[in-house]
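Peer 1: Got a structure for you, questions after.
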Amino acid sequence: MRLEAAARMDLIKKLWRARKLILVVLIPLSLLPLPLIHPTSEACCAYVLIVTAVYWVSEAVPLGAAALVPAFLYPLFGVLKSSEVAAEYCKDTTLLLMGVICLAASIEKWNLHKRIALRMVMIAGAKPGMLVLGFMCCTVFLSMWLSNTSTTAMVMPIAEAVLQQLISTGVADTQEDSETVEATEDDCLGGMAALSLPAVNISDVATQGASGEFANLGKESKNSRYPTKRDHMICKCLSLSITYAATIGGLITITGTSTNLIFAEQFNNRYPDAKVINFGTWFIFSFPIAIIMLLLTWVWLHFLFLGCNFRETCSLSKKRKTRREMLSERKIHDEYIKLGPISYPEVVTGVFFILMTLLWFTREPGFVPGWTSLFEKKGYRTDATVSVLLGFLLFLIPARRPFSRSPRTTAGGGSTERDPDPLAPMITWKDFQNLMPWEIVILVGGGYALAAGCKVSGLSVWIGRQLEPMSGLPPWMVTLLACLLVSAVTEFASNPATLTVFLPILSALSETLKINPLHTLIPATMCVSFGVMLPVGNPPNAIVFSYGHVQISDMVKAGFGVNLIGVLVVMLAITTWGVPLFNLTEFPDWAIDRNVTGSL
């Protein structure tokens, strides 16, 4: 009996070690009857969609490899041609990301991100809660005018530098037995330089973690890059807060994200007599949504990763600091001094950062003509055009000041080595290649490929037909179900493709049920941005995931709460201040005319 039990346990252990391989083989085989029994394009597309989704969620294979599943299954099942699938893996967002990575490479090479990060930490202080909220506010503001992908790609390197600085100096909320130092504001600011206490490093943090609050938190394993579990939690919280803030900021303006523009374009084409959607009305409706979501999302992330002790992590008082916080701020101040005066490459990089931001903002602001109106042909120039142009120039501009005979100053401000090449550019291809997340490009491309297959195969139309039983529901229930459905689908498909598929369906449904189309279209447009539970939900998620602080389970757990918050806040808005703003209580004349004379 014992031998049989031992053999059984050994078999179970072997199966557990091979669980990923078993899942990779078992899932496609178990679902294979779907396309074999129903050999239609819809069934074949659904098969590919389910297999890819299971691979992504389970991480049975690397995410980039799982994203290649549609590349060979779609042609094999006759859903899309191989050339059509390949075209989905390189989109405008890919070029946008490449241009932004060029700028990020220059920022990192010349330590501009470290200068910005250290200055931000000096302003925000060592309180993790306020640091996260500060980053979220900055990201929301940038994302109002820039694309979510661009904002995340720019902010994450700065946040990563802040996180590394916090970890290396022990700022990660490591309070020692709740010991605090009462001091005046002058003592806190000026007294740090007079302290003769030793600098804090990672080994100190690990040593002191054996008592006090650290004893409860526990130390990470020897192979971990985090001194304590608390440090890891802060890294997760700050990383996820940036992608969520980028999503929230994109809701505010009609140009904040591509899905808003898709909605405006399709709505105006379908209802040309409806003069209700413009920059002003959208801003009035969405700005309160963004503010409420920002605060609730911050509270949710704080509760999930930092706990409920808001007083300790979010105190604004400078009179009440722990000894470790004072040591940490002193260390950060010393590190900032070591950077020395700002260098010429940092100035060039900063100018390019500002120039890229201004060109993106002024391209098509919406409320005034942008610089693209100077060109005869419209629609040719996008954010990717600007980012690739400026990124290309960084490979050409010399890193040394023109007509300067002084030795070249390296990043960090201390070296006086003379560069053998006085015309060495700001960045090299190696600098770019070290930062370019090619796995993320394939990951996002896989999402676009799935969306294209759903549209071409007719699976999206089949899904739309399943909405017909909703005819007996009240308007708010129809809107709620539409929001939940769109939020679920966009987790596995790109946001623009999902919205493009669902807008005609929801428009026809609203006309059939005699509901103001804006009652369903606006909430669906906003909820399509809430693909925040998986890295493939949208490019910002993938960028944050590539930094390695969070796992799939972290994104699912945190993203579910953010998704629920978003849907509830949007429903609150459309049933309160949205009613008088868009006159949602009546079925409008422009929709009646379209219902009588129009067609899908």
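Glycine is no exception: its Cβ is also placed from the backbone N, Cα and C atoms.
In TrEMBL, annotation is done automatically, which means it is predicted and not curated.
Below are the features listed in TrEMBL for this protein:
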{"type": "TRANSMEM", "residues": "53-77", "note": "transmembrane segment"}
{"type": "TRANSMEM", "residues": "89-107", "note": "transmembrane segment"}
{"type": "TRANSMEM", "residues": "127-146", "note": "transmembrane segment"}
{"type": "TRANSMEM", "residues": "238-263", "note": "transmembrane segment"}
{"type": "TRANSMEM", "residues": "283-310", "note": "transmembrane segment"}
{"type": "TRANSMEM", "residues": "336-360", "note": "transmembrane segment"}
{"type": "TRANSMEM", "residues": "380-399", "note": "transmembrane segment"}
{"type": "TRANSMEM", "residues": "440-464", "note": "transmembrane segment"}
{"type": "TRANSMEM", "residues": "476-506", "note": "transmembrane segment"}
{"type": "TRANSMEM", "residues": "558-584", "note": "transmembrane segment"}
Peer 1: Could you give the residue numbers and ranges of same-chain residues that sit at least 6 residues beyond the transmembrane segment (380-399) on either side and whose C-beta is under 8 angstroms from one of its C-beta atoms?
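Peer 2: Distant contacts of the transmembrane segment (380-399): 92-93, 95-96, 98-103, 105-106, 110, 146-147, 150, 344-345, 348, 352, 355-356, 359-360, 363, 372, 408, 419, 422-429.
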Peer 1: Cβ under 8 Å to the transmembrane segment (440-464), counting only same-chain residues 6 or more beyond its ends: which ones?
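Peer 2: Residues 41-42, 44-46, 48-49, 52, 63-64, 66-71, 74, 79-80, 84-85, 88-91, 93-94, 97, 485, 489, 492-494, 497-498, 500-502, 505, 509, 535-537, 539, 542-543, 545-546 contact the transmembrane segment (440-464) from elsewhere in the chain.
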Peer 1: Can at least 3 Cβ pairs under 8 A be found between the transmembrane segment (127-146) and the transmembrane segment (89-107), with each pair 6 or more apart in sequence?
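Peer 2: These two segments do not touch.
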Peer 1: List, by number or range, the same-chain residues at least 6 past the transmembrane segment (53-77) whose CB is under 8 A from its CB atoms?
Peer 2: 20-21, 23-24, 27, 35, 44-45, 47, 85-86, 89, 438-440, 442-443, 445-447, 449-450, 453, 492, 534-536, 545, 552, 556
Peer 1: What parts of the chain pack near the transmembrane segment (283-310), using Cβ distances under 8 Å and only residues at least 6 beyond its ends?
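Peer 2: 128-129, 132-133, 136-137, 140, 173, 233-234, 236-237, 240-241, 244-245, 248-249, 251-254, 522, 526, 557-558, 561-562, 565-566, 569-570, 572-573, 577-578, 581-582.
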Peer 1: I need to check the long-range neighbours of the transmembrane segment (558-584): which residues 6 or more away from its ends have a CB within less than 8 Å of a CB in the stretch?
Peer 2: 236, 240, 244, 276, 281, 284-286, 288-289, 292-293, 296-297, 300-301, 304-305, 475-476, 479-480, 483-484, 487, 516, 518-519, 522-523, 526-527, 529-530, 532-534, 537
